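Sequence annotations record features per position, and here TrEMBL assigns compositional bias 'Low complexity' to 34-44. TrEMBL lists 44-78 with the feature domain 'Oxidoreductase-like'. Annotation comment: TrEMBL describes 33-56 as region 'Disordered'.
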Amino acid sequence: MKKEVFAIKNGLIRYNSFFLNLQYQLVNIMQQTKAAPKPQSEQPKPQKPAPDECCGGGSCCPCVWDEYRDKLKQWQQNFS
């Protein structure tokens with residue numbers, strides 16, 4: 001089995017053509033991944049209501065926590 005060799009010359013690592021080709025392929029894949037647009041269906045996770053948004057009385061219909069729970073369930077079904 002042929003071994004791939006490299007050499008260090010003037011502080012630079014010099015790889016043979018196999019390693020250079022592999023490096024170029026990896027860089028190309030990384031650039032494509034960074035440039036790839038995110039799906040439009042991706043939405044941020046719903047945020048919890050602030051502490052002052054709920055009256056704590058239990059008489060509001062719907063409560064901000066009920067709305068949050070419903071939005072969170074919908075988000076989990078769509079994006080998880």
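Heads up, the Cβ atoms here are built off N, Cα and C, so glycines get one too.
What TrEMBL says about a protein is an automatic prediction, not a curated fact.
Quantities reported herein were computed from a predicted structural model and do not represent experimental measurements.
Broken down by DSSP into helix, strand and coil, the domain 'Oxidoreductase-like' (44-78) contains 18 helix, 0 strand, 17 coil. Across the domain 'Oxidoreductase-like' (44-78), mean pLDDT in this model comes to 89.
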